[in-house]
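Data block below; observations after.
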Number of protein chains: 2
Amino acid sequence: MTTQLQHARGGTVTDAMERVAERENRDAEFVRQQVADGQAVIPANHGHDALDPMIIGREFATKVNANIGNSEPASGPEAELQKLHTAVHYGADTVMDLSTGGDLDTIRTENIAYSPVPVGTVPIYEAVTRVDDASDLTPELLLDVVEKQAEQGVDYMTLHAGVLAEHLPLTDGRTTGIVSRGGSILARWMEEHGEQNPLYERFDDLCEILAAYDVTVSLGDGLRPGSLADASDAAQFAELDTLGELTRRAWDHGVQVMVEGPGHVPMDEIADNVERQQDVCDGAPFYVLGPLVTDVAPGYDHITSAIGATEAARAGAAMLCYVTPKEHLGLPDAEDVRDGLAAYRIAAHSADVANGRPGARDWDDAVSEARYAFDWRRQFELALDPGRARNYHDQTLPEDNYKEARFCSMCGVEFCSMRIDQDAREAGDGMDGLESRTDLDSSAAAAVNRPPTGVHRAEKLDDIPCPVAEDDVAADD
Amino acid sequence: MTTQLQHARGGTVTDAMERVAERENRDAEFVRQQVADGQAVIPANHGHDALDPMIIGREFATKVNANIGNSEPASGPEAELQKLHTAVHYGADTVMDLSTGGDLDTIRTENIAYSPVPVGTVPIYEAVTRVDDASDLTPELLLDVVEKQAEQGVDYMTLHAGVLAEHLPLTDGRTTGIVSRGGSILARWMEEHGEQNPLYERFDDLCEILAAYDVTVSLGDGLRPGSLADASDAAQFAELDTLGELTRRAWDHGVQVMVEGPGHVPMDEIADNVERQQDVCDGAPFYVLGPLVTDVAPGYDHITSAIGATEAARAGAAMLCYVTPKEHLGLPDAEDVRDGLAAYRIAAHSADVANGRPGARDWDDAVSEARYAFDWRRQFELALDPGRARNYHDQTLPEDNYKEARFCSMCGVEFCSMRIDQDAREAGDGMDGLESRTDLDSSAAAAVNRPPTGVHRAEKLDDIPCPVAEDDVAADD
């Protein structure tokens with residue numbers, strides 16, 4: 001079997017590349033070239049039949065990942081499928097199944113069977129559940145788990161192969177130590193065994209497995225900063241250098257690569273962080289977790305991190321891993337998933353607009369035209385979250401006739417600036433028609449830059465009931 | 001009577017400057033110099049006895065304004081005082097009373113009597129309520145309203161004096177026309193009367209009134225863009241040039257000046273917008289409304305705008321006017337005020353950290369130290385919104401013993417990276433103590449960069465019951 005990277009290098013435009021080109025409104029040959037050069041990845045395990053292929057790369061629409069999965073055995077496969085459905089409904093471009101309890105194989109294979117979006121995992125989580133103590137992990141067990149998950153159809157895997165034994169002393173003076181789960185497990189293992197990171201030692205063997213199934217490797221940043229105090233420190237950048245080396249080694253095996261990034265970074269250091277990764281890793285797609293621009297707001301970290309994510313994507317990050325309001329505090333529920341995805345779709349789209357992605361701003365223009373025309377139904381329909389926009393409006397003006405009103409309760413009819421402005425124009429030279437001018441159907445924008453978000457070829461997922469409450473789905477009754 | 005600007009120019013350090021220096025941890029002489037140069041303002045009407053003076057300027061901690069007031073006559077003075085209390089409780093540095101219905105004089109004078117923070121208004125709103133139709137407004141009525149409100153103790157007033165008749169044709173091709181309430185009222189008046197903006201024509205007379213009471217003028221941007229499509233257009237920048245001229249004219253009268261800014265601006269144009277205003281207006285403090293970095297997310301505009309506000313403050317904006325989740329959809333309730341203020345306190349503080357304000361990051365460090373030490377109570381106590389942080393944590397782990405637990409429900413005990421990391425360090429060379437190292441009491445940070453937010457000398461406000469629910473106030477039971 002051949003990976004997308006190998007096909008691209010050989011000059012072949014695959015079906016996946018064709019589909020991606022269609023979704024992104026780009027030329028298929030451009031897609032092929034970006035994949036061939038390692039500047040973009042199409043995570044698409046040969047065994048993931050339900051997948052609607054998508055692409056992650058600096059030159060394409062910015063993507064958003066949602067973490068699903070459980071951290072307690074109570075949550076079984078059905079509950080997990082509901083989380084998948086919710087995440088896809090609210091616009092996740094990929095999901096990571098981070099389950100650490102229960103019947104992991106069933107949860108994972110069910111997710112893959114139903115998911116139209118790439119499914120990522122962190123194999124060391126499962127490996128740890130198969131031993132009494134993390135110190136009992138062996139290189140062979142890690143390889144076994146990776147191979148089994150690859151066979152099950154996982155599209156990308158986070159491997160913290162860049163955390164080296166010699167990096168660990170660099171974390172000693174940190175405020176928050178090692179905050180990556182995989183990173184902390186491997187650090188402890190290395191200290192107890194006095195040996196090098198097995199994922200680094202066996203990286204070539206791992207790449208052979210990944211290449212066989214076309215699993216994209218997501219090089220984990222086990223030493224990412226967990227606080228502003230630790231941002232951009234020697235430990236983070238030492239690991240990044242190793243990730244650059246591993247990027248090239250994976251490419252040598254024909255494996256597609258993305259690289260994970262922080263975490264917690266002050267606003268003024270984010271662009272530098274992105275540019276450094278792009279330089280060190282030869283342009284491999286950067287997949288960042290936020291970053292959070294302040295540590296002071298637990299309960300609002302979807303916001304602290306969406307600010308950083310916008311800046312990161314503007315500077316060249318290709319995919320944003322969402323953060324929910326429960327970050328640092330507890331396991332998110334469905335409403336947290338919704339809030340986190342909304343914040344991150346905003347970050348991704350705003351960055352695409354700022355970066356001048358073809359047609360990206362058409363969506364904004366269409367919403368603003370509907371707003372100025374007081375076409376409330378169309379404004380709701382086009383909104384990032386139609387159900388919420390309508391519900392907020394209807395809290396004060398629920399009656400149907402207000403859907404054509406030339407005001408809302410924010411300013412009232414007497415003080416609505418757009419109503420006053422239009423009256424003045426009518427009294428003067430008259431106005432052009434207020435119907436929408438922007439035709440989203442013929443927009444050059446990538447699919448993720450047009451409403452509704454979360455549109456995938458998802459026949460299989462549509463077989464199961466949508467867990468999102470009915471009145472949060474529709475733009476109008 | 002003499003304004004703070006006139007005192008500063010004369011070399012006098014006033015009591016207000018002394019108090020500001022204390023709150024900002026800066027030298028009083030530096031405060032005086034910044035005010036003398038027009039680079040900062042201390043909005044402090046001579047008649048506002050309950051005021052705890054604060055400063056707005058590029059060189060000081062970034063401030064946040066919350067709009068209160070009603071847009072329906074149902075809401076009376078008591079309800080308005082509750083809104084004031086809520087806004088101050090959640091950290092507003094100033095409030096604007098934008099009431100347009102009911103007994104405006106009583107609402108305004110009560111707000112001023114109780115408010116420890118500067119109270120701003122938009123006098124044209126009251127003027128409009130005193131005529132049958134906005135076209136009946138007269139220059140004399142506008143001057144009368146300004147003088148009465150100045151006498152009542154208003155600390156700053158938005159005057160849309162920069163919208164000139166010759167600017168209006170520049171808005172003809174816009175997607176969303178004129179979206180400022182004051183701007184749209186004045187535009188309509190100018191078109192109906194065929195005359196110049198009366199606030200511009202009578203600007204010197206207005207300045208004489210403002211100077212007599214030391215009311216700071218906030219030069220409104222009546223032609224601010226209401227959509228990304230209209231951002232940075234000819235109309236916006238033509239008005240900005242006039243605002244630069246008016247800044248210098250107000251300074252000539254000894255009036256303190258700030259300048260209002262957009263609105264809706266793509267992420268890549270925000271820094272340019274701020275730098276242009278600072279250049280055109282000779283460094284007068286920039287007071288921005290967001291800006292929103294995308295138009296597509298009604299229901300989440302506290303987030304779309306907090307992203308832009310962070311970037312604006314990083315680039316030099318001095319005060320951020322908050323936006324609530326109800327923006328474009330309806331009148332905000334108390335929970336919306338809370339969400340809006342949280343998003344904006346995040347934006348302001350993150351920008352202060354990015355700009356290297358002395359001591360600003362101490363707050364982040366203290367939170368992260370508490371987090372790594374699993375000192376949940378202290379993490380909640382230090383949080384931007386203690387009640388929400390605790391409530392979110394307690395949704396899954398309410399029992400008291402979990403306040404000392406070395407994990408939360410997000411990852412569970414087996415997979416808590418900080419727990420694993422600390423175990424590894426204990427097993428190795430041992431760890432230094434995990435008690436907090438950062439002493440916030442001796443921090444060089446300005447008061448607004450230390451918890452709790454919203455701390456003012458507020459004896460009078462404390463006389464009335466706090467409307468915030470009891471369990472949303474305390475960090476712990």
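Using the three backbone atoms N, Cα and C, a Cβ is placed for every residue, glycine included.
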Given that Swiss-Prot records A:N67, A:M96, A:Y125, A:H160, A:S180, A:R181, A:G182, A:D221, A:G222, A:L223, A:R224, A:E260 as binding substrate, the matching residue among A:Y200, A:Y287, A:Y300 is A:Y287
With A:H264 (Zn(2+) binding site) as reference and a Cα-Cα limit of 10 Å, the qualifying binding-site residues from A:S180, A:G182, A:G222, A:R224, A:Y287 are A:R224
With the fewest other Cβ atoms within 10 Å, the residue among the binding-site residues A:G182, A:G222 is A:G182
With neighbours defined as other CB atoms within 10 A, the best-packed of the binding-site residues A:Y125, A:Y287 is A:Y287
From A:H328, A:C408, A:C416 (binding-site residues), the ones whose CA sits within 10 A of A:G182 (substrate binding site) are none
Cα of A:Y125 (substrate binding site) to Cα of A:C408 ([4Fe-4S] cluster binding site), in Å and rounded, measures 50
Quick note, A:H328 (Zn(2+) binding site): same-chain residues at least 6 apart with CB under 8 Å of its CB -> A:P298, A:D301
Those binding-site residues in A:Y125, A:R224, A:Y287, A:C408 passing the chain B Cβ proximity test, under 8 Å, are A:Y125, A:C408
A:N67 (substrate binding site) falls, by DSSP collapsed to helix, strand or coil, into strand
Cβ-Cβ distance under 8 Å, sequence separation of 6 or more, same chain as A:C411 ([4Fe-4S] cluster binding site); the residues meeting this, in order, are A:S417
A:C416 ([4Fe-4S] cluster binding site) falls, by DSSP collapsed to helix, strand or coil, into coil
Within the same chain, the residues at least 6 apart in sequence whose Cβ is under 8 angstroms from that of A:R224 (substrate binding site) are A:V179, A:S180, A:G183, A:Q236, A:E260, A:G261, A:P262, A:G263, A:L289
